[in-house]
Structure formats: structure tokens, C-alpha cells
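Working notes, structure below.
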Amino acid sequence: MAVCVCAAVVLLLRSLLTQRSVQRAPRFAKMDNKRDGSENPSKDGDIAAIMGFSGFGKKARTFDLDAIFEQTRRTAIERSQKALEERQQQEAERDISGSCITSPGPSKRQTPAAAVPRQQGISSDSDSDSDSDLVGPPVPPQLPAEGDEDDDDLVGPPLPPGYSGRMAEEEEEDDEEEDGMQDEDDDNPVRKIPDTHEITLQHGTKTVSALGLDPSGARLVTGGYDYDVKFWDFAGMDASLQAFRSLQPCECHQIKSLQYSITGDVILVVAGNAQAKVLDRDGFQVLECVKGDQYIVDMANTKGHTAMLNCGYWHPKIKEEFLTCSNDGTVRTWDLNSEKKHKAVFKPRSQQGKRVTPTCCTYSRDGKLIAAGCQDGTIQIWDRNLSVHTKFHCRQAHVPGTDTSCITFSYDGTTLASRGGDDTLKTWDIRNFKKPLNVASGLTNFFPMTDCSFSPDDQLLVTGTSVKKDEGNGKLVFFNRTSFQKVYEIEVANASAVRCLWHPKLNQIMVGTSNGLAKVYYDPVKSQRGAKLCVVKSKRKEKQAETLTQDYIITPHALPMFREARQRSTRKQLEKDRLDPVKSHKPEPPVSGPGRGGRVAAHGGTLSSFIVKNIALDKTDDSNPREAILRHAKEASEDPYWIAPAYAKTQPDPLFAEAEVEDEEADKEPEWKKRKI
């Protein structure tokens with residue numbers, strides 16, 4: 001039975017394969033005809049009938065993309081138009097329901113009817129369409145139609161209700177007026193003076209005779225008649241305004257000038273001695289100029305200055321070169337890398353060829369000229385490379401015999417300003433150096449280092465005035481550089497304004513006074529950094545010292561009887577002791593000078609000082625030794641202590657000689673009869 005079933009299956013499979021091969025034969029014949037390039041349409045039907053599908057052998061369908069895009073655009077326009085009509089219809093219904101008034105005229109409902117021909121036209125003729133057709137939401141009613149638009153129409157959202165064009169014009173006029181006022185402020189140099197705020201730095205009690213600020217404006221250095229040089233760091237200070245370093249670089253000599261180099265890494269210190277010093281930013285000495293031989297007549301043959309210095313200045317372009325002037329009648333240039341000898345010597349001369357003393361000196365802004373103001377009232381200018389003859393010379397710059405305290409060049413390099421000891425301030429054009437451009441008088445000057453300075457924009461000139469003690473306030477006076485009219489003044493303090501410095505980068509003014517103050521004027525808006533950095537910081541809270549009175553040994557496993565009490569911080573105890581007037585009593589300092597408060601001044605704690613003190617207090621006269629011994633006879637007889645008790649038994653009774661009559665008569669004789677011994 002199983003064999004019969006297998007045979008039947010084999011026959012069935014063979015018949016199916018035969019039929020399949022017969023059906024494939026016409027298909028391969030059709031493919032051969034395609035390869036030969038010939039087609040027979042009559043055979044397509046047979047193949048379609050055999051394969052069971054239609055469309056075999058037809059071409060692929062092509063699509064026109066432009067037509068599809070055009071149809072899509074039309075559909076979008078139609079949909080947007082329908083949405084617009086529906087929105088307008090809803091708005092019309094709201095208006096009708098809100099007002100409850102029917103008007104006989106045409107309403108917004110007629111809009112869809114009017115829009116029908118436009119839709120028909122769009123569907124009928126696609127060539128009449130343009131890109132200006134409405135796409136999107138409707139135009140707001142506040143805006144005009146497209147045909148009425150001009151180039152000056154408002155761009156942006158519609159104006160709010162109640163905002164008229166007149167108000168807009170008035171606001172535009174106000175804006176124009178404000179712009180005009182700002183332009184006037186920019187043109188007015190007085191508006192640029194930073195004087196709205198000030199801070200006071202307490203240098204000491206004597207005159208602040210030198211000020212220096214580094215090019216970045218981060219550190220200020222002050223020097224005075226008290227020999228001290230103090231360093232102030234604006235970024236490191238808090239509101240207490242304390243200097244972070246104080247030193248005496250020149251011992252007991254007054255500081256005349258301080259200036260940072262162009263790089264700000266070193267400081268030139270000019271004092272009352274003959275040797276200038278260069279310090280680094282932290283106050284350590286880098287260079288000390290050599291002192292010259294004072295017994296040589298020709299100052300050009302000495303290696304350095306031989307008399308007191310008056311002024312010093314750094315070269316504005318070369319960071320290793322600086323300039324000094326002295327009472328020995330020379331102006332010398334120095335190189336930072338050569339401390340054994342000066343670099344060049346300039347010798348000012350009077351009209352008769354005699355030596356004169358330079359009181360101030362400076363470089364021009366480009367560093368090519370060296371200028372010096374002298375005691376005979378002259379201002380002499382040399383070429384830096386030619387030290388023999390002056391390039392510019394003015395004989396009657398100031399009154400002879402007065403100290404010209406300052407000369408400075410403007411930022412454009414064409415104008416020279418001089419502050420004289422004759423209470424004047426003058427400006428000069430170095431191209432025409434015979435007459436001053438402008439003169440301001442009545443500016444009292446009591447100090448040989450009173451400054452004058454140009455503003456950063458070169459439009460103003462500022463200087464300080466001097467006053468006697470308790471006779472008024474010193475002032476900073478500002479002059480217009482062109483007209484030389486006094487345009488502004490600042491009352492500094494109840495003392496003279498000696499030094500003034502207007503930093504171009506910070507736009508802040510530093511002033512040194514004769515009562516030991518250094519003031520900084522600034523404006524929070526117009527000024528940069530500097531004093532603005534330290535005034536915003538609160539004062540640091542003083543920390544109480546936490547100390548342990550004795551060593552504490554921790555023994556956690558000791559017996560209770562040997563365990564020490566837990567040692568705690570003494571901070572609370574110190575605070576309690578601070579409130580106790582007995583424990584917190586400050587020891588009295590030693591009295592110097594005459595005694596005061598019931599205390600006698602001590603002359604020292606040594607034995608020699610004690611003996612000297614007692615010798616000075618002993619008023620006895622030991623010129624007669626017999627009387628000096630007999631002065632103690634009565635005390636010795638009443639209370640014998642040294643010799644009498646030891647020789648009480650063996651000591652004989654003292655016998656004194658009695659006065660004789662002859663001696664009395666001899667005493668009565670005249671002096672010329674007495675025997676001369």
C-alpha cells in the first residue's frame with residue numbers, strides 16, 4: 001500500500017513540472033524578442049493570460065512636477081480664502097449680536113459671494129495668478145491697504161490705542177534734545193572731571209611731597225617729608241584704606257619724587273641726598289646711583305651727582321633710562337644696567353655762562369627732548385643725543401631767584417606747561433619759545449615740587465595752590481588749555497595742595513596735601529577701577545587670638561583621679577578678660593621728655609643712667625673737705641655705728657685746739673699785711 005502511494009506522488013510531481021516548463025517557454029521567447037528590439041503586441045495578451053496580470057510591457061507613467069506644485073499652490077490659496085471667509089462671517093455675527101442693529105446696506109456676509117468669482121478665476125486661469133495673492137491670516141484693520149503703503153510706513157506691530165502721532169513726534173523731539181545734550185557734554189571738558197566721589201589715604205602728618213601711580217593704575221606709592229614711602233594696592237585694600245607696606249629707602253632724607261617706569265616693574269626714588277635709588281614693586285632695592293667726587297670742579301668729569309637731588313623722571317620709551325637733576329648744576333641720564341657711571345651730562349648755563357641750579361626736569365612725550373627749569377628763571381631744552389648746546393632756550397620764563405617747581409609736556413607734544421615759584425602758570429609752544437602762549441597768575445606756591453598736569457584729552461590743565469596754616473583751603477584749579485580761562489576748582493583740604501596727578505587710564509585725580517593726606521577723586525561712571533575697587537569692600541573683622549595657656553596632654557584611658565579636665569579654647573575667657581578693666585589695663589608707656597600725670601620721666605634702666613641721674617640731683621658742695629666730714633660729726637656721735645663701737649675701750653678722748661688771742665688779732669689785720677702763702 002505504501003509503495004502505491006509513493007508511486008502516485010512521483011507521477012503527480014512529474015506532471016506538474018512538465019506543465020510548468022510549458023508555461024515558461026513563451027515568457028523566455030518574449031524576453032528574447034525584447035533583446036532583439038522587436039515586439040509583438042499580439043503575444044502580450046497570451047502572456048497576460050498565462051501570467052495572470054495585465055499591463056505587462058507598457059511604459060512607466062511620467063509626472064509633471066511644475067503642474068503638481070501649481071496645483072498645490074492653488075489648493076493652499078483656496079483653503080486660506082475659505083478660512084478668511086469663515087473668520088469674517090464669525091466677526092460679522094458677533095457684531096450683529098453685540099449691537100442688535102440691522103443695517104440695510106451691504107454687510108461683511110457679502111464678502112464670500114464676492115470671493116466666489118475670484119476662486120473661479122483662480123481655478124479657470126492659472127496664468128493670472130501672482131505672488132501678491134493673500135496667503136495666511138487677514139491684515140489687521142489698523143494698517144492701510146497695500147495700495148496706500150508708502151516707504152515711510154510704520155514697521156512692526158500696530159500702535160496701541162490712544163497713542164497719537166503727535167505724541168510720537170514729541171518723544172522723538174525729546175530724544176533729539178537728549179542726544180544734543182549728550183553731544184554738548186562730550187564737547188564740554190568740564191563734564192569729564194571726575195570729582196563726584198573721593199577717598200582719603202592717611203600717609204602721615206607731614207607734607208606728601210611725592211606721588212607715583214603705575215601705568216595700569218593698580219598701585220599707588222606716596223612719599224613725604226617724614227622720610228616714609230608707602231605702598232597702596234587698590235585691588236588689595238578694603239574700606240579701611242591701609243597701606244600694605246611702609247619703608248624709609250633713603251633713611252633721614254625727604255622724598256622729592258617718586259615715579260613708576262613705563263612697564264611698572266620698578267620705581268625711581270629721588271630724595272634729598274645725592275644718590276637716586278630704584279626699587280622694585282615690593283620696595284626692595286634694585287639700583288643705587290653712584291656719588292660723584294665733590295672736589296672736582298668740572299662736573300662732567302665726575303661719575304655722579306655731588307649735591308642734593310631735586311627731581312627725577314623715567315624715559316617714556318626706553319624702560320631702562322631715567323633722568324635726574326641736582327644742586328650741583330647738572331642734569332644726568334642713567335642706565336638701569338650700569339650703576340657705576342652716568343650715561344650723559346647736561347649742564348645748564350646762565351646768560352653769562354655761569355652755572356645755574358636746575359630745580360625740575362622732564363622728557364618730552366616722544367623722549368627726544370630733555371627740558372629743565374632753573375633757579376635763574378630760565379627753561380632750557382636739549383636734544384637727548386646732543387648734550388652741549390641747548391635746542392630751545394627761554395631766558396625770562398619766570399622771575400629769577402624763584403624755584404620752577406614743575407614742567408610738563410602735553411600729550412600731543414607741542415605745548416609745554418611750567419609752574420613757577422612766582423605764583424604763575426604758563427604754557428609755551430616749543431616751536432615759538434620766545435613768548436608764552438598763556439599766563440595765569442595769583443596761584444600761590446610755597447613748595448618746590450608743586451605739580452601741574454594735563455587732562456587725558458589734552459583740553460584742561462590742572463595745578464594746586466598753597467595756603468598758610470589755618471588761613472584757608474588749598475585748591476585744585478582747572479584751566480582751559482586754549483582760552484586759559486579758569487573753568488573749575490576743587491577745594492581739597494584745610495592745607496596746601498602740593499602734588500596732583502591725573503591718570504589717563506583710570507581717569508582719576510590723585511592729590512598730595514601738606515597735612516599728610518593723599519586724596520583720590522573719581523567718578524563711578526567716568527572712572528575705571530582704581531579707587532572703585534576698594535570702596536566696595538567691607539572692613540575685615542579682626543580675629544581674636546586663640547591661645548592655650550598650657551600644654552594639654554590627652555589621656556583617654558587614664559584613671560579618673562589622674563585624668564585632666566578637658567582643655568577648651570580661651571576665646572571666651574579672653575573676651576571676658578577684655579571687659580575686665582583691671583586685666584585689660586594697658587601698661588603705661590615710658591615717659592619721654594618732662595614728666596606728666598604725676599610720673600617722673602625715666603632716664604633709662606641701666607646702672608650708669610641711675611648714677612648719672614643721682615649725681616645730677618645731688619646739690620651738695622664738696623669744695624671744703626673738712627666741712628664735708630664735720631657735717632656728719634653730730635650724727636656719728638649720737639649714733640656711732642662704724643668706728644666708735646669697735647674702739648670704744650681703746651679710743652682716746654679727742655682734744656681740739658682752742659683758739660688763741662693772737663689768731664684773733666691776726667684775723668683783724670688788713671689784707672695787705674697778711675702773709676701771702
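Each residue's number is its place along the chain shown, starting with 1.
Even glycines carry a Cβ here, placed using N, Cα and C.
Since the structure is predicted, the reported quantities are computational estimates derived from the model, not experimental observations.
Look at TrEMBL and you will find 79-96 (among others) tagged as compositional bias 'Basic and acidic residues'.
Marked as compositional bias 'Polar residues' by TrEMBL: 99-110.
As annotated by TrEMBL, compositional bias 'Acidic residues' applies to 169-187.
Marked as compositional bias 'Basic and acidic residues' by TrEMBL: 565-588 (among others).
Among the features that TrEMBL reports, region 'Disordered' is placed at 79-192 (among others).
Residues or ranges marked as region 'Disordered' in TrEMBL: 565-603 (among others).
In the repeat 'WD' (201-233), helix, strand and coil residues by DSSP number 0 helix, 19 strand, 14 coil. The repeat 'WD' annotation in TrEMBL covers 201-233 (among others).
According to TrEMBL, the repeat 'WD' annotation covers 302-344 (among others). When pLDDT values are averaged over the repeat 'WD' (302-344), the model yields 92.
If one looks beyond the repeat 'WD' (363-383) by at least 6 residues along the same chain, the residues whose Cβ comes under 8 Å of a Cβ in the stretch are 313-318, 323, 325, 331, 333, 346, 348, 350, 356-357, 389-407, 409-413, 416, 418, 420, 428, 430, 433. Residues or ranges marked as repeat 'WD' by TrEMBL: 363-383 (among others).
Per TrEMBL, the feature repeat 'WD' maps to 407-432 (among others). Residues 360-366, 369, 371-373, 377, 379, 381, 392, 394, 397-399, 438-445, 448, 450-454, 456, 458, 461, 463, 479, 481, 484, 504 of the same chain lie 6 or more positions beyond the ends of the repeat 'WD' (407-432) yet place their CB under 8 Å from a CB of it.
The signal peptide feature in TrEMBL is assigned to 1-18.
Mapped onto DSSP helix, strand and coil, the repeat 'WD' (407-432) counts 0 helix, 15 strand, 11 coil.
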